[in-house]
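Feature list (source: TrEMBL):
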DOMAIN    31-257  domain 'Peptidase S11 D-alanyl-D-alanine carboxypeptidase A N-terminal'
ACT_SITE  65  active site, acyl-ester intermediate
ACT_SITE  68  active site, proton acceptor
ACT_SITE  122  active site
BINDING   229  substrate binding site
């Protein structure tokens, strides 16, 4: 009898030790969370729908020129002639008053080049002109932007103009993942948003300008980027959205409101390193302080409890 009890007890003990060891291995395979400079962030595996990383993904924030992805979808949905020469017009977008641009008002360029400039180099006059030459004009264009957002289930998003200069153009990281998922289905958006550089010729008067992508990661051979858009205003901070291959999966990456021009790109590299290797890097005190102060304004009662997973 005692020997039977000993055998049973021994079997249970071995089983328990195996469970503990398996649990230890599983725990070790899950890397700790990564600290970002961006106030709001969300990474979603588009193949599985799994949230890979999340930090305040539902807070409503200004999105600056991330707006231009919606602008591009509305233009393409209208199936307008892309080779049509259009004069540059900014009178409908009040936010453009006093904003510098190398593109001359009333000079002409094709709708295709306007779209390329809006997506690749975030040219505000190009985005404004696309809305001006939309059937029904600027007002109809903005209405179409909001209708598209509703159709995509972007319930917390609002657009008032096509450039992103207005702080009233707002969304959430979660909504912007939906926008990225949709934008990825447009081959022309994939091409134009990841173009590295382009020499554009304008007419009336004749002149040429060279433009470059505002996202330096598209020039980095280590990144495979399908869709890209940057954004910045004083209200929105520095923003970045992308669809990129990470760990052999297409990932939607949304990074909203960080301090400093390079911080959003550093965040993207932090996330990629964390996903692929589990390695994490620390933030500078300045970046951490900026994020904490922004969160304190957004969530005064819970600013110290940063829930990231």
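Each Cβ is built from the backbone N, Cα and C atoms, and glycine gets one as well.
Here residue 229 (substrate binding site) is positioned 7 angstrom away from the residue listed as 'active site, acyl-ester intermediate', judged by their C-alpha atoms. Under the DSSP three-state reduction, the residue listed as 'substrate binding site' is assigned to strand.
DSSP classifies the residue listed as 'active site' as coil under the three-state reduction. In the three-state DSSP reading, residue 68 (active site, proton acceptor) counts as helix. For the domain 'Peptidase S11 D-alanyl-D-alanine carboxypeptidase A N-terminal' (31-257), the model's average pLDDT works out to 97. In sequence order, 65, 66, 68, 69, 119, 122, 193, 215, 240, 241, 242 are the residues of the chain that are 6 or more apart from the residue listed as 'substrate binding site' and have a CB within less than 8 Å of its CB.
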